[in-house]
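Listed in TrEMBL for this protein:
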type: ACT_SITE; residues: Asp73; note: active site, proton acceptor
type: BINDING; residues: Thr7, Gly8, Asn9, Lys10, Gly11, Lys12, Ser74, Phe155, Gly156, Tyr157, Asp158, Lys178, His183, Arg184; note: substrate binding site
type: BINDING; residues: Asp73; note: Mg(2+) binding site
Amino acid sequence: MKLVLATGNKGKLREFRQMCQDEVVAFSDLLGAFDIVEDGATFAENALIKARTIYKKLKETYPSGNYFVISDDSGISLPVLDGAPGIYSARYAGEGANDKDNLYKLINAVKAKGLKETPAYYTAAIAIVSQYGEYVVHGWMHGKVIDKVRGDKGFGYDPMFIPSGFEKTLGELDDEVKSKISHRGKALALAKPIIQMLRRKDIH
Ligand SMILES: O=c1nc[nH]c2c1ncn2[C@H]1C[C@H](O)[C@@H](COP(=O)(O)OP(=O)(O)OP(=O)(O)O)O1
Ligand SMILES: [Mg+2]
C-alpha cells in the first residue's frame, strides 16, 4: 500500500520523509502539481479537504492502485494576536504570499505590539484517508516568537520561533531535533498506529 502525501510544501515533505520509515510519495509525482482550495474553518477540516481531494483524484487516475493519503494542515498562533495567523498562516501576507512575506509580516505584527518576544504555538492536524475510513489526529508545539530572524533551517515561521525549553530558534536547530518536539512529529506519532492498522487490514 502506497503512502501518498497530499502536500505541496517541500519542508513538510522533507520532515515526513525523515520521520517515516515507510516510503512517502508526493502527490505531485503521481498527479502533477495543483492547488487545493482550503476553505475549512479548522485545521482538521482543511486537512480532510486536502486528503479527500487527493484520494478522489488518485482513484480517478489509478482505479486499481493501492494507496492511502496523508495530509497536514498546520499553522502558528499568537495569543497576543487573538490566535492569528492560525489557519490563515500560509496566506497571512495575502493570497500567493511566500514564507518570507508571512514571516516578516508576523515579525512586524509583534513589533507593532511593542514586544520583543511573545508566547506562540504551532498546531498540526494530520488527516488519513483510505478505503477503510478517515482519521484525523493533532499535535502542538508551544514556545515563543521573537522580533527577529535567526537561522535558516526549517521553513515558514521557524527562524522566529523558540520552542519551550530551548534557547535557539527552529531556524538554528536541526530537523532531527525539531521532529522530536514538533506539532507535526507529535501528530505523526499518533498517526503511525493508524497507518500500521491500515496496513494490517490491507494484508488480511
Ligand atoms: O513546522 C513548521 N515550521 C514553520 N512554519 C510552519 C510549520 N508548520 C506550519 N507552518 C506554517 C507554514 C505555512 O505558512 C502554514 C501552513 O499552511 P498549510 O496550508 O498547512 O501548508 P502549505 O500551504 O504550506 O502546504 P500544503 O497545504 O500543500 O500542505 O503554517
Ligand atoms: Mg496549504
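Using N, Cα and C of the backbone, Cβ positions are placed for all residues, glycine too.
TrEMBL entries are annotated by machine, without manual review.
Model, not experiment: these values are computed from the prediction.
A map of TrEMBL features onto the structure.
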{"residue": "Thr7", "record": "substrate binding site", "Cβ neighbours (10 Å)": "23"}
{"residue": "Asn9", "record": "substrate binding site", "Cβ neighbours (10 Å)": "17"}
{"residue": "Gly11", "record": "substrate binding site", "Cβ neighbours (10 Å)": "16"}
{"residue": "Asp73", "record": "active site, proton acceptor", "Cβ neighbours (10 Å)": "27"}
{"residue": "Ser74", "record": "substrate binding site", "Cβ neighbours (10 Å)": "26"}
{"residue": "Gly156", "record": "substrate binding site", "Cβ neighbours (10 Å)": "23"}
{"residue": "Asp158", "record": "substrate binding site", "Cβ neighbours (10 Å)": "26"}
{"residue": "His183", "record": "substrate binding site", "Cβ neighbours (10 Å)": "24"}
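Calculated from their C-alpha atoms, the gap between His183 (substrate binding site) and Asp73 (active site, proton acceptor) amounts to 11 Å. Gly11 (substrate binding site) sits 13 Å from the residue listed as 'active site, proton acceptor', taking the CA atoms of both as reference points.
A distance of 11 Å separates the Cα atom of Asn9 (substrate binding site) from that of Asp73 (active site, proton acceptor). Cα proximity to the residue listed as 'active site, proton acceptor' (within 10 Å) is found for the following binding-site residues from Thr7, Gly156, Asp158: Thr7.
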